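Since the structure comes first, as structure tokens, the remarks are kept for the end.
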Amino acid sequence: MARALINVPSKAKRGEIIEIKALVSHPMETGYRTGPDGGLVPRDIISRFLCTYNGEEIFSADLFPAIAANPFLSFTTVATESGRIAFRWIDDKGQAHLETAEIVVE
Amino acid sequence: MSGLPNRKLRNAGIAGALGLGAALALAPEALPQERRSGFEFMSRESQVLQQDDTSNPGMLWVAEGEALWSARTGASGRTCADCHGDAAVSMKGVAARYPVYFAEQSRPIDLQGRINICREVNQNATPLPYESRELLALAAFIGKQSRGMPITAGDDQRLEPFRALGQELYERRQGQLNFSCANCHDDHWGRKLASSVIPQSHPTGYPLYRLEWQSVGSLQRRFRNCMVGVRAEPYPFGSPEYVNLELFLMTRARGMPLETPAIRP
């Protein structure tokens, strides 16, 4: 199952502002809906999303039940050096996910 | 946007057709030059969401379908790619011509039905249930290969009786509210039902991501929505009535570009 579609430019000039987009596959179950048996469906949302650039945090977000399924996060950063951009997120089931993308800065 | 000018225009067009003695005026459906995809009735924000693959959530299903395309399945241990090769080549234009006539069973089948026949016959695998994530993912991946291509469904003459059945279903009043599909989608397109714009019901982007569903769904799921809406009893998934209706709508939408995976509100 596709967990996420990460979009990072593969090449950038030093000092350039780059846009990073992450589309994460997740049901974002609110915890307020009832299931077929009439009981509440347990909440299962991504509670925290974090992005690091060569180990340094450049973006993080707390997510809440009102956010739709398959959240789309878009942000910018300055391309400083070649390396790895890592995306981590954790949901209510305690499942941690990691996706990475490489960038070459010239 | 008010639907009234559209309606006037259309009525003028029908009056013109009658003047020429054409017998086409039984169903006041949109004339070919004024056919509009549901895309055009959406907000600009939703249109942008569909057009940018990096933000279109339907692409999550396409990516999953791409993985399934080359995954070994069933007792045969074969992948889709083992027979069909590169989907970008072999599946180009395929979704645009479905539903097609399936001669072995003398009936039309839709793309999802075709995928399941392939699984059973060629892969010795169990058919995937309708609306399962895997089946939607494969259909979205195959559909994506025809994106932008004109719809060519309904070429085969053997399909004609089934298309006619589909049209009959489209125009038949049903349910406690006693509405036919045509009562809204032909007579009142462009106007509003509650806060939603009524589109012309051209199935140009299925399977598509509906914001209301927060998921990708098939045209059959959409049919069931409308049937429940008029308080009719929906047919079960995979029933021939849905395939006939899809055939009628796809034939009517011939020439319109395929948008899979589309976004709809």
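Just so it is clear, glycine is given a Cβ too, placed from its N, Cα and C backbone atoms.
Database features, via TrEMBL:
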DOMAIN    B:64-151  domain 'Cytochrome c'
BINDING   B:C80, B:C83, B:H84, B:C118  heme c 1 binding site
DOMAIN    B:166-258  domain 'Cytochrome c'
BINDING   B:C181, B:C184, B:H185, B:C226  heme c 2 binding site
BINDING   B:R222  substrate binding site
ACT_SITE  B:C226  active site, cysteine persulfide intermediate
- Query: Taking the center of the Cβ atoms of B:C181, B:C184, B:H185, B:C226 at the recorded heme c 2 site, which other residues in this chain have a Cβ no more than 8 Å from that point?
  - Reply: B:Y170, B:F179, B:S180, B:A182, B:N183, B:D186, B:I198, B:S201
- Query: With the heme c 1 site defined by B:C80, B:C83, B:H84, B:C118, which remaining residues of that chain have Cβ atoms positioned within 8 Å of the Cβ centroid?
  - Reply: B:R78, B:T79, B:A81, B:D82, B:S90, B:N122, B:Q123
- Note on the structure: For heme c 2, with binding residues B:C181, B:C184, B:H185, B:C226 per the record, max Cα distance (Å, no decimals) returned as 11
- Message: I need the least crowded one of these binding-site residues (B:H84, B:R222), counting other C-beta atoms within 10 angstroms of each C-beta.
- Response: B:H84
- Task: Write down the Cα-Cα distance for B:H84 (heme c 1 binding site) and the residue listed as 'substrate binding site', rounded and given in Å.
- Result: 29
- Message: I'd like to know the mean pLDDT over the domain 'Cytochrome c' (B:64-151).
- Response: 95
- From the Cα of B:C118 (heme c 1 binding site) across to the Cα of B:C226 (heme c 2 binding site), what is the distance in angstrom? 30
- Message: Looking at the binding-site residues listed here (B:C80, B:C83, B:H84, B:C118), whose Cα lies nearest to that of B:C184 (heme c 2 binding site)?
- Response: B:C118
